[in-house]
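Visitor: The following feature annotations were taken from Swiss-Prot:
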- E88: active site, proton acceptor (ACT_SITE)
- C327: active site, S-methylcysteine intermediate (ACT_SITE)
- C108, C112, C115: [4Fe-4S] cluster binding site (BINDING)
- G155, E156, S185, S208, L209, H210, N284: S-adenosyl-L-methionine binding site (BINDING)
- C101-C327: disulfide bond (DISULFID)
- 94-322: domain 'Radical SAM core' (DOMAIN)
Amino acid sequence: MVLLGRSAAELKAWVEAQGQPGYRGQQLHQWLYRKGARSLQEITVFPKQWRAALADVEIGRSEIRYRHDAQDGTVKLLLALADGETIETVGIPSSDRLTVCVSSQVGCPMACDFCATGKGGYRRNLACHEILDQVLTIQSEMGRRVSHVVFMGMGEPLLNLPAVLQAITCLNRDIGIGQRHITISTVGIPQQIQRLAQHQLQTTLAVSLHAPNQALREQLIPSAKHYPLSQLIADCRAYVQQTGRRITFEYTVLAGVNDRPQHAEELAQLLRGFQSHVNLIPYNPIAEAAYQRPTDQHLRQFLSQLQALGVTASIRRSRGLDRQAACGQLRQAQLIA
């Protein structure tokens with residue numbers, strides 16, 4: 001049994017099964033989620049003899065393999081999991097919030113052509129406790145409370161929906177992060193957007209679009225061959241109608257590839273009458289791809305074209321770029337010496 005991810009009631013039942021009074025469950029809950037205990041030996045309110053007897057009980061915490069601090073304050077961690085697999089997670093601070101970009105899988109099966117994670121292949125899904133651990137570890141390393149969580153790290157969250165939903169429940173119930181402060185990002189998986197809508201969450205759905213037509217999207221996102229853009233947009237419209245929540249569309253801008261005037265016109269036509277917002281993300285370079293990052297001037301020009309066509313859009317500035325901690329740059333292994 002892994003303790004991280006258990007509710008206060010479940011922890012109470014567990015300590016009572018160990019022959020301890022029920023209030024120890026609330027103490028355990030506080031030490032796991034508020035104080036970030038990495039082992040039961042740290043929980044000094046427990047009797048020493050009982051702590052010794054629990055030496056083999058797994059809390060579910062990872063080991064930090066390295067930490068890199070970017071010039072803008074962003075922190076990237078490589079975490080080693082219990083089975084030796086590794087993932088990266090990123091803490092993004094600002095004056096009034098701390099956002100954690102969490103991974104949902106070890107690697108990613110989507111193999112997007114401009115993303116470092118997909119270049120390394122896919123290993124497995126993360127368990128709920130491995131997602132929660134990323135939040136608690138960033139919180140401890142950065143010395144402040146996490147306020148926002150975005151499922152935009154390694155992996156495709158909708159291919160690991162049960163663990164992601166369980167993690168969202170725990171983030172809200174046990175760590176105190178409101179659902180409206182949680183974002184789930186997806187490239188689009190058939191039937192999964194509909195399944196997510198059925199849960200009626202107050203989270204934000206971010207759809208990685210990256211192209212305004214089917215042919216170009218298939219070049220950039222191989223899985224798009226199995227999920228026509230027309231169906232994806234139809235599912236997104238149904239999601240908005242069912243949940244009342246606005247969708248964010250992520251659009252990585254690749255110089256000379258998807259940023260021409262005709263692309264702006266196609267995107268405006270695609271999203272006409274849609275309750276949505278488009279985030280333009282300038283491409284963050286990786287060694288395995290030959291794409292180019294657009295100039296700031298060209299990016300602003302593309303934004304202006306979209307806005308003139310009636311698209312609600314903005315430019316999302318990348319954080320942690322100098323430490324390969326930006327969108328599309330996360331990996332399973334350390335590249336920076």
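The count begins at 1 with the first shown residue.
Even glycines carry a Cβ here, placed using N, Cα and C.
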Visitor: If you run the three-state DSSP split on S185 (S-adenosyl-L-methionine binding site), which class comes out?
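Guide: For S185 (S-adenosyl-L-methionine binding site) - judged by DSSP and reduced to three states - the answer is strand.
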Visitor: Do you see any of the recorded positions E88, C101, C108, C112, C115 whose C-alpha is within 10 Å of N284 (S-adenosyl-L-methionine binding site), and which ones?
Guide: C115
Visitor: Pick the one among the recorded positions C101, C108, C112, L209 whose Cβ has the fewest other Cβ atoms within 10 Å in this structure.
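Guide: Among the recorded positions C101, C108, C112, L209, the sparsest Cβ neighbourhood within 10 Å belongs to C112.
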Visitor: Inside 10 Å of the Cβ of E156 (S-adenosyl-L-methionine binding site), count up the other Cβ atoms and send me the figure.
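Guide: A count of 27.
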Visitor: If one measures from the C-alpha of C108 ([4Fe-4S] cluster binding site) to the C-alpha of L209 (S-adenosyl-L-methionine binding site), what distance in angstrom results, rounded to a whole number?
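Guide: The separation of the Cα atoms works out to 17 Å.
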Visitor: What mean pLDDT does the predicted model reach across the domain 'Radical SAM core' (94-322)?
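Guide: Mean model confidence (pLDDT) across the domain 'Radical SAM core' (94-322) is 95.
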Visitor: Tell me the Cα distance separating C112 ([4Fe-4S] cluster binding site) from S208 (S-adenosyl-L-methionine binding site), rounded to the nearest angstrom.
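Guide: About 10 Å separates the two Cα atoms.
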Visitor: Measuring CB to CB from G155 (S-adenosyl-L-methionine binding site), give everything in the same chain under 8 Å that is also at least six residues away in sequence.
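Guide: Listed in sequence order: S103, S104, Q105, V106, G107, C108, T117, Y122, N125, L126.
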Visitor: Three states by DSSP: which one describes C101 (disulfide bond)?
Guide: strand
Visitor: Which one is closest to L209 (S-adenosyl-L-methionine binding site) in space, judged by CA to CA distance, out of the recorded positions E88, C101, C112, C115?
Guide: C112
